[in-house]
Amino acid sequence: MVRWLYSTNAKDIGTLYLIFAVFAAMIGTAFSVLIRMELAAPGVQYLNGDHQLYNVIITAHAFVMIFFMVMPAMVGGFGNYLVPVMIGAPDMAFPRLNNISFWLLPPSLILLLASAFVEQGAGTGWTVYPPLSGLQSHSGGSVDLAIFSLHLSGISSMLGAMNFITTVLNMRNPGMTLHKLPLFVWAIFVTAILLLLSLPVLAGAITMLLTDRNFNTSFYDPAGGGDPILYQHLFWFFGHPEVYILIIPGFGMVSHIVSAFSGKPVFGYLGMVYAMFSIGILGFLVWSHHMYAVGLDVDTRAYFTAATMIIAVPTGIKIFSWLKGSFSKTFLANSINVLSEAVLTLRERFPRANLYPKNCLINNECIDLVPYGYYLTGTMHYPRYNIILQHMVSLTSYLYGVVVGLMLSDAWMNKKNMNGQARLFLKQSINNAFYLFYTFSLLSHYCSSYPYIVNSRGFIAVAFVTRTLTCFTELYNNFYENGKKCVPSDIYNMLTIQGLSHWICGDGTFVKGGGIYLQAQSFTVIEVVHLINVLIIKFNCKCTIHYQEGKPVIYISSRSVRKLRTELLKHMPMHYKLTGKTSRVN
């Protein structure tokens with residue numbers, strides 16, 4: 001417990017962000033289920049006609065999903081986990097600041113949930129518009145608690161944004177210029193800038209609302225010379241960049257996933273970077289397209305209509321760059337993965353590229369004035385949250401080997417019938433002991449007993465008994481049949497170049513002549529033949545079966561290793577093996 005409370009390790013904090021986001025997602029989903037149950041049929045269903053309670057549930061659902069699920073997961077979780085690794089930094093620039101930026105979120109969530117139970121609850125909607133959020137409509141302390149919650153969440157996000165900006169600018173590997181940064185790092189960098197510029201405006205807007213409610217000011221009260229439209233301008237100056245704060249990290253994720261599954265670099269790297277910056281800049285210049293119905297003059301509405309349409313240009317650059325990267329020669333060999341990512345890309349971005357009528361409404365003020373408001377739920381949930389969740393799931397699957405440190409390694413597990421726990425056993429050659437201990441340093445905190453080490457003349461092995469965790473149970477159930485390790489039926493789609501590099505790193509041994517032995521002794525001969533066919537078809541490797549002590553191993557020729565060397569070296573664990581003294585590949 002102390003480790004997680006006081007940790008300054010970026011990966012630990014990233015894990016905390018992801019766990020917190022999952023917890024918040026469950027709360028937000030519970031609110032969503034209540035809303036859908038009430039709307040499932042006409043008339044009063046479950047809330048006894050309490051419209052204030054319905055508004056409170058909608059407000060809590062929106063705040064939880066935006067500020068406590070998507071933002072912590074996309075920026076805090078994946079950002080902390082991947083940005084230092086991608087730029088070669090040992091940690092974030094300000095580790096203790098990183099710690100406090102996370103631990104501000106739990107009290108912020110508690111304040112938000114408390115606001116739903118104080119007096120009649122905060123039934124203002126997520127925009128918190130006055131006069132609905134004023135004393136006349138909400139005289140209790142519920143709205144005040146919601147404002148304090150937003151303050152804490154905003155401080156957390158600003159601290160994290162400063163940390164990311166400093167880390168990217170000052171802690172890159174020597175020789176890594178800005179134009180060599182991975183696109184996901186660029187996405188987090190742009191997102192951090194948007195957070196740093198937009199959140200202070202929101203803080204000022206809700207602080208003035210707080211003083212209107214408690215200190216007799218009249219910033220938004222027309223009776224005292226104020227104007228509630230001022231609040232809308234301030235809120236949407238934050239609110240529209242917030243849309244891109246939520247989705248730009250997804251841009252970086254899609255770029256990496258499409259690149260990996262298409263087997264080629266991202267098309268138009270610089271164009272993608274400048275497109276993200278353009279989207280971020282234009283995001284600050286179009287806020288009033290959310291306010292066409294408040295009585296803006298014609299010239300103002302014409303400007304915001306034109307500016308909103310201009311955002312389609314950098315968005316189009318990104319969508320067509322992704323599609324150009326997807327449809328390559330590798331598309332035929334890896335069609336399922338590439339097609340799924342291409343469809344994901346099309347579904348996500350084409351609506352905002354003015355090709356889907358419902359999402360064109362917000363661009364054109366002449367059309368928007370008539371159906372204003374009815375499509376907002378759809379336009380937030382379909383092209384935003386559904387796609388964001390797909391990004392998170394896709395990236396988690398894609399980075400499984402990086403996070404866990406293993407990719408279908410030559411390990412095996414067995415169940416201990418006494419207590420249902422699993423025993424994980426890894427065996428490596430003596431020369432590869434470094435990778436073995438590196439792997440177990442990642443997994444050691446899951447041990448319920450100290451790892452048992454076996455030294456022999458030709459190999460070293462480590463075994464430990466895991467705690468009863470769902471992940472090990474699923475691993476055992478998915479990759480073992482009758483207690484024996486088996487090759488998954490969809491191994492063709494699962495095995496990427498990154499997975500192959502981890503396989504070589506964990507189970508590969510260089511032999512005389514420059515080839516590689518891939519240990520596959522846990523599998524049957526039929527399964528080994530299937531693996532060889534996958535390597536031949538997918539990676540164009542020349543492979544044959546050899547036998548060691550009567551058990552099959554896969555031999556990859558030196559020519560194939562040379563052909564794959566450039567791709568394999570992109571993955572950090574391969575450097576010591578392909579560039580060290582033991583490597584015979586030049």
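Including glycine, each Cβ sits where the backbone N, Cα and C put it.
As stated in Swiss-Prot, the feature transmembrane segment covers range 145-165 out of the listed 145-165, 460-480, 523-543. Within the chain, the transmembrane segment (234-254) has long-range Cβ neighbours (under 8 A, six or more residues past its boundaries) at 66, 70-71, 74-75, 78-79, 127-129, 182-188, 190-191, 194-195, 197-199, 201-202, 204-205, 272, 276, 279-280, 283-284, 286-291, 318, 322, 341, 344-345, 348, 384, 387-388, 391-392, 394-395.
Long-range contacts of the transmembrane segment (56-76) within the same chain: residues 13-14, 17-18, 20-21, 24-25, 27-28, 31-32, 34-35, 101-102, 105, 108-109, 112-113, 115-116, 120-126, 146, 149-150, 153, 157, 160, 164, 188, 191-192, 195, 242, 245-246, 249-250, 385, 388, 391-392, each at least 6 residues beyond the stretch ends and with a Cβ under 8 Å from a Cβ of the stretch. The average pLDDT the prediction assigns to the region 'COX1 exons 1 to 7 encoded' (1-323) is 93.
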